[in-house]
């Protein structure tokens, strides 16, 4: 007995099917009303079956076979179409797990001309065919064929063909593709009819122009079972929504002084054991200064809190709530009553002590040890360093100018000597003596030496 996807048995379908003239049970769908409307608007021409991408003319490689399921269209370039083992077979009523085997066929769609005259190729669309049907009906499961991706369920016997009848488009509409829970749809692809299908939106607009009765009937028949697989488009949709609102999803939110103050106050309003320190509310504001009883945290980690890049690996060592209560020594201690503002309030402390044991086989062991050694009792090093380093003296305005002025005042400046004094105090060099002897031999006394002869 051959199986028909979407049909469990003829007896269980009374109100949702119409009997055609040839005795074939035909399902009345929203597509029947939109594509083959009852108003007979084709002016006497024969009703044509709804064309799919596999039968459209001038659409690349024409496939003369109808798939039982709607296609999966690629919308991002460079993405690979593949499924994990045991996944990828569309589910349909009436098809047992043993027959869930087949292949996805790549249909190369047509190209179109852009306004600037360039040819642009549409990204391909994939259609599913059961093993032994479709354009590669004679191929065996796993054959290396370009544009074919083989899929099968874990219970299917891939050595035999699937006992599935070919789809007659005049009797059966294509079933919206949906997968078993847990199936991961390839990234960069979407299921036709899952919300991004242009033909669906155009058909919906046509149905709205046919009066209120047809609109109501069309909307009721339009309810198709949605695919259980959600394409990886959450980031894209969020970015589009934010762009519509005038916000940029790629830019981080700017933190102002007012917002930082609000974040800090919100953290401090929580109970002490529920606080999470960060850049806006550092560790010491949440839990107090470091000391013998709170001895963890270096300068960088105290400033960043849980925003420190090293903190996540330390969080792996933190106990769970159950480990805290059942793996620690707990003691309930009553402290002094509340302060003057609330003297009737009783204050208790749940004191605890325990240990976290790990060894060198723990992933990231060396990094954990390094971070622990840097942050345990780090307050001691910080305190010691503060005592050793002397504070930087503050510069007083005008000190340097006054010092320079004092140095100038302390310098004694001698009065310049006359030309006679300079000549008397100066010793004659051998060159001077030879020149002077030559002058005296000539009998010419130079000006300025007449009076100096007596000196």
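Glycine too: its Cβ is placed from the backbone N, Cα and C atoms.
Sequence annotations record features per position, and here Swiss-Prot assigns region 'Disordered' to 1-62 (among others).
Sequence annotations record features per position, and here Swiss-Prot assigns compositional bias 'Polar residues' to 9-19 (among others).
What Swiss-Prot lists as compositional bias 'Polar residues' is 50-61 (among others).
Positions annotated as region 'RNA-binding' by Swiss-Prot, on the basis of sequence analysis: 56-197. When DSSP labels each residue, the region 'RNA-binding' (56-197) comes out as 6 helix, 33 strand, 103 coil, counted as helix, strand and coil in that order.
The domain 'CoV N NTD' feature in Swiss-Prot is assigned to 64-193; the stated evidence is sequence analysis. Mean model confidence for the domain 'CoV N NTD' (64-193) is a pLDDT of 88.
Taken from Swiss-Prot, the feature region 'Disordered' applies to 159-230 (among others).
Summarising the annotation, Swiss-Prot assigns phosphoserine to 170 (among others) and lists sequence analysis as the type of evidence.
Residue density at residue 177 (phosphothreonine): 24 other Cβ atoms are found within 10 A of its Cβ, drawing on all protein chains shown. The phosphothreonine feature in Swiss-Prot is assigned to 177 (among others); the stated evidence is sequence analysis.
Here Swiss-Prot flags 193-212 as compositional bias 'Low complexity'.
What Swiss-Prot lists as phosphoserine is 194 (among others), and the listing cites sequence analysis.
Taken from Swiss-Prot, the feature compositional bias 'Polar residues' covers 215-227 (among others).
What Swiss-Prot lists as domain 'CoV N CTD' is 260-383, and the listing cites sequence analysis.
Mapped onto DSSP classes, the region 'Dimerization' (267-384) shows 48 helix, 14 strand, 56 coil. Feature annotation from Swiss-Prot assigns region 'Dimerization' to 267-384.
Non-local neighbours of the region 'Disordered' (271-292) in the same chain are 255, 260-261, 263-264, 301-307, 378-379, 382; each lies 6+ residues outside the stretch with a CB under 8 Å from one of its CB atoms. What Swiss-Prot records for 271-292 (among others) is region 'Disordered'.
Taken from Swiss-Prot, the feature region 'Disordered' covers 384-428 (among others).
Annotation comment: Swiss-Prot describes 390 (among others) as phosphoserine.
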Q: Out of 170, 429, give me whichever of these modified residues has the highest number of other Cβ atoms within 10 Å.
A: 170
(Q) Cα-Cα, whole number of Å: residue 170 (phosphoserine) versus residue 429 (phosphothreonine)? (A) 131
